[in-house]
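TrEMBL has this to say about the protein:
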- 44-72: transmembrane segment (TRANSMEM)
- 93-110: transmembrane segment (TRANSMEM)
- 116-138: transmembrane segment (TRANSMEM)
- 204-223: transmembrane segment (TRANSMEM)
- 229-249: transmembrane segment (TRANSMEM)
- 353-375: transmembrane segment (TRANSMEM)
- 395-414: transmembrane segment (TRANSMEM)
- 435-452: transmembrane segment (TRANSMEM)
- 482-502: transmembrane segment (TRANSMEM)
- 514-539: transmembrane segment (TRANSMEM)
- 559-577: transmembrane segment (TRANSMEM)
Amino acid sequence: MACLEICNQKLQGDETKEEREICTLDGTIDWHGQPAIRSKTGGWVAGIIILLNQGLATLAFFGVGVNLVLFLTRVLQQNNADAANSVSKWTGTVYIFSLVGAFLSDSYWGRYKTSAIFQIIFVIGLVSLSITSQLFLIKPKGCGDENTPCESHSRLGTALFYLSIYLIALGNGGYQPNIATLGADQFDEEDSTEGHSKVAFFSYFYLALNLGSLFSNTILGYFEDEGLWALGFWVSTGSAFAALVLFLCGTPRYRHFKPSGNPIPRFCQVIVSAAKKSTVKMPSSEDELYNVDGKDCSMNHSRKISHTHGFKFLDRAAYISSRDLDNQGQGIDNPWRLCPITQVEEVKCILRLLPIWLCTILYSVVFTQMASLFVEQGAAMKTTVSNFHIPPASMSSFDILSVAVFIFLYRRVLDPLAGKLRKSDSKGLTELQRMGIGLIIAVMAMVLAGIVECYRLKYAKGECTHCEGSSSLSIFWQVPQYAFIGASEVFMYVGQLEFFNAQTPDRLKSFGSALCMTSISLGNYVSSFLVTVVMKISTEDHMPGWIPGNLNRGHLDRFYFLLAGLTAIDFAVYILCAKWYKCIKLEGKCEESEDQEHIKV
């Protein structure tokens, strides 16, 4: 109501009631710190700016990342193992930095300022990489293609290169979780129309990400593969700079949530307060829990969280004991003895999210195979059509096309159909249901990849030394496995973005987006660990192992089937976690009865 009063004060006397400008209901504010007016801020105007920004920034990032392993082997003269290890560390670091960006955003800077600062770091890193490559690394000019090795490099040039790519990792990692959440902030989920637009935004956001990477994987990848590294890096730099300028141009239009301070002390206060009252007998009624009538959330323009059952030990932190009322109320003023319900529920929300998040890590292991083992498998197949050579890495274009097709099918066909079958006015499949479907499709993708590998081995030349083109089976037999991975992304990653954004408190939205990215990071590390373990076990007794240098002597199909089995087990565990999960209950949201708290799987 306070928001509407402020809005009404802005009205002119000659305006009619229909012309009144209404504030958003989710607590967002505008650039000047005033309650955001729906007609002048946010919406699809701001959303489209952010989508374009995401597409351009993704083009810039993958313009470096997609061929980084080739740059390390051809330009810096690293061997395959060292180059793959360097890329894995770099990729993992990108996503780990997302936690840094999320922390600064939720605690101090806010999503807009954090996104702007990390985008500037991103551009600086790309400029540095472009200059370093052109002046110090690509010598003689034109080296770095498949046939022309580069000269040895100075320590200065190598040091500047690593400084540059880790600046890029810092910039992109810190930017990614905040831009996704800032885009979602432009839609008021308390309004029915904007609430549906907010759900659609995540699908279009992931589509923009994939379309940006499509250009990098095809056009830029081709030029860099031909040795035009400096040109490729400068194109990436230009794209990142254009993304930054576009982002800044939209400044007056954005809606914002105010940062709420460091969440770590708030979490610790709940744990300590509950521990101090571990021996106190709790009442059966929740009416005696500490509630400050919304003051705890309104001061930060965030919504109050209603009390939920579960983790009852933490409820002790909100129980007003007789000691809290002693000493002239000093206990009530001490957050290390008494915490409001909303603060306690923040901790509960994060604890409930963790099992779901852990179940998504193994899916990321499957997803990372597309950039590693799928490429190696493709290189050992027939890669020519007439006289045209198809780069194995370019097959990921079918993944991107699959993402685009399935986003359209889901938004226009599957989601409306699911709503009709359920005979309700709901939005169709829930986020948890879609993530489960994503896991099932991932199992199917791994099974398909294993079957293709079985047939590849059937038509392979066993004595091939280098493996490339060693099988007469066409590389286009990989299309189904790439297409299934793309379909699974639409259900898993888009659903994951929506789920973590919807189920985290207002003061921790960027942290929710960062959880999505850290699952990808841990997926890279778990994938590397699995490959190491599998190779150690399968190479005993002088056997070549499942994934040797010459794939014709190995059993890559068994590794794919192993991943399919592990993902199937992960899906079973995920079902249990999803049935146990309870929806966050924001004020004015999640008003289901107690027996409807569980989200259906």
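Using N, Cα and C of the backbone, Cβ positions are placed for all residues, glycine too.
Annotations in TrEMBL come from automatic prediction, not curation.
A contact between the transmembrane segment (514-539) and the transmembrane segment (116-138) is absent, since fewer than 3 of their C-beta pairs, 6 or more residues apart, lie under 8 Å.
Only sequence-distant pairs (6 or more apart) were considered; of these, at least three Cβ pairs between the transmembrane segment (482-502) and the transmembrane segment (395-414) are under 8 A, so the stretches are in contact. Long-range contacts of the transmembrane segment (93-110) within the same chain, counting only residues at least 6 positions beyond its ends with a Cβ under 8 Å from a Cβ of the stretch, are 117-118, 166, 169-170, 172-178, 181, 256-263, 507-511, 513-514, 517-518, 520-521, 524.
The stretch from 44-72, 116-138, 204-223, 229-249, 353-375 that makes the most Cβ contacts under 8 Å with the transmembrane segment (395-414) is 204-223.
Beyond the ends of the transmembrane segment (559-577), by six or more residues, the same chain brings 355-356, 359, 362-363, 365-366, 369, 373, 435-436, 439-440, 442-443, 446-447, 449-450, 453, 530-531, 534, 546-547, 601 to within a C-beta distance below 8 angstroms of the stretch.
Just going by CB pairs under 8 A, the stretch in 44-72, 204-223, 229-249, 353-375 that sits most against the transmembrane segment (116-138) is 229-249. Long-range contacts of the transmembrane segment (44-72) within the same chain, counting only residues at least 6 positions beyond its ends with a Cβ under 8 Å from a Cβ of the stretch, are 78, 82-84, 86-87, 90-91, 119, 122, 126, 129, 144, 165, 168, 172, 175, 179-180, 182-183, 186-187, 197, 201, 204-205, 208-213, 215-217, 220-221, 224-225, 229, 232-233, 235-237, 239-240, 242-243, 246-247, 249-250, 253-255, 393.
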